[in-house]
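**Student:** Quick one: structure below, then a few questions.
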Amino acid sequence: MKIDSLLKEDSILKKEINLKVSKKKLFLFLRQFSILLNAKIPIIEIINLLKEQKEFKQLKPSLDKVSENLNNGMSVSESFANDKNFDMFFTSMMKLGEESGRLDKVVYDLSKYYERTYDINKKVQNAMIYPIILTVTGIVMLIFMLKNVIPTFVDLFESSDMVLPLSTRILISVSNAINEKGLLILIILLLITAALIIAYRRTKFGYYLDKFKTTKSIFGKQRKIIISSEIARSLSITHKNSMTILDGLIIIQKSIKNKYYKQQLSDIFREIESGEFTLEEAFNKRNITPQVFNSMLKVAENTGELGDIFEKLSEFYDGEVEYAIKSFISILEPMLIIFMAIIVGFIVISITIPMFDVINSFN
């Protein structure tokens, strides 16, 4: 598959990952697709069989369109390319399978690729359940206290005609703001959130935010490992199916979500294409992947065993992702607990200090 032909196909290359169907459904679909292909069943019949299965109910509208495209004489990759449920990586690999005459192997490799991607995403989601529950519970309790508990003390403090500590005055001000202007505050927060989302998608803010998250934040190392795993997995499957490094980099660059890495991979592609740097040199100078990753690339280029190294990198970093997730959670959970303890401590101190003053005044 030539670079020029890839760049001309806007319907494929200009599409970002935007899967509405879960990766679990996608890899299950591809797994059955692969089995039926190996059974020498015509592709149009495979699509018609799979779209009627209940487990692929979400995919049925997309598969109906694919079936229609195939009946109209479009190729397999073209039939899938115009649907948002099939990302650019998917359609590019399908095109490669068609052109190489190994569609069955490519479909099988894609099923394993998306299965592993699903497994990793699921582990990240499962690991985040407890921190999310902890955060939501803390926010709900804080709002409840500010709306229902703190106001009961306000009248007492005001009737005592005492000079309140700064922390208590701050707490009362926050409580009054939430009770009197809670809806306005909520609307402002929603507008700020919407503005940040739009800025992330449409301006350089997204690039700088992703750069900060992967290079400066305390979780940068973990994010780097997770993204390196994605790059290694993608390089492995593209190279295994006889795609050139440059073609593989184009697909990965277009598919990856992190805007900082997207730009870095684009620069790496240009430097390798021009002959300015080797693959290892282009990665190493940017420090976007761990040193082990770069060292293995150098070994691969020196020995000519790129395929084996990509496969080993993929296996190694898929395993490292699990440790990265555990490390991420081991840092995040104590931070959340400490933060909540500080908030609760602030509230308790802000209430108890003037309470003691009130009691002493009565005595």
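The backbone N, Cα and C atoms fix where each Cβ goes, and this holds for glycine too.
Annotation source TrEMBL lists transmembrane segment at 29-50, 127-146, 182-200, 336-356. Under the heading domain 'Type II secretion system protein GspF', TrEMBL lists 29-147, 232-354.
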**Student:** Which numbers of helix, strand and coil residues does DSSP report for the domain 'Type II secretion system protein GspF' (29-147)?
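**Tutor:** Here the numbers are 100 helix, 0 strand, 19 coil.
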**Student:** Could you pull out which residues elsewhere in the chain have a CB under 8 Å from any CB of the transmembrane segment (182-200), counting only those six or more residues past its ends?
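**Tutor:** For the transmembrane segment (182-200), the nonlocal Cβ contacts are 147, 206, 209.
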**Student:** In the domain 'Type II secretion system protein GspF' (232-354), how many residues does DSSP call helix, how many strand, and how many coil?
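**Tutor:** Going through the domain 'Type II secretion system protein GspF' (232-354) residue by residue, I get 104 helix, 0 strand, 19 coil.
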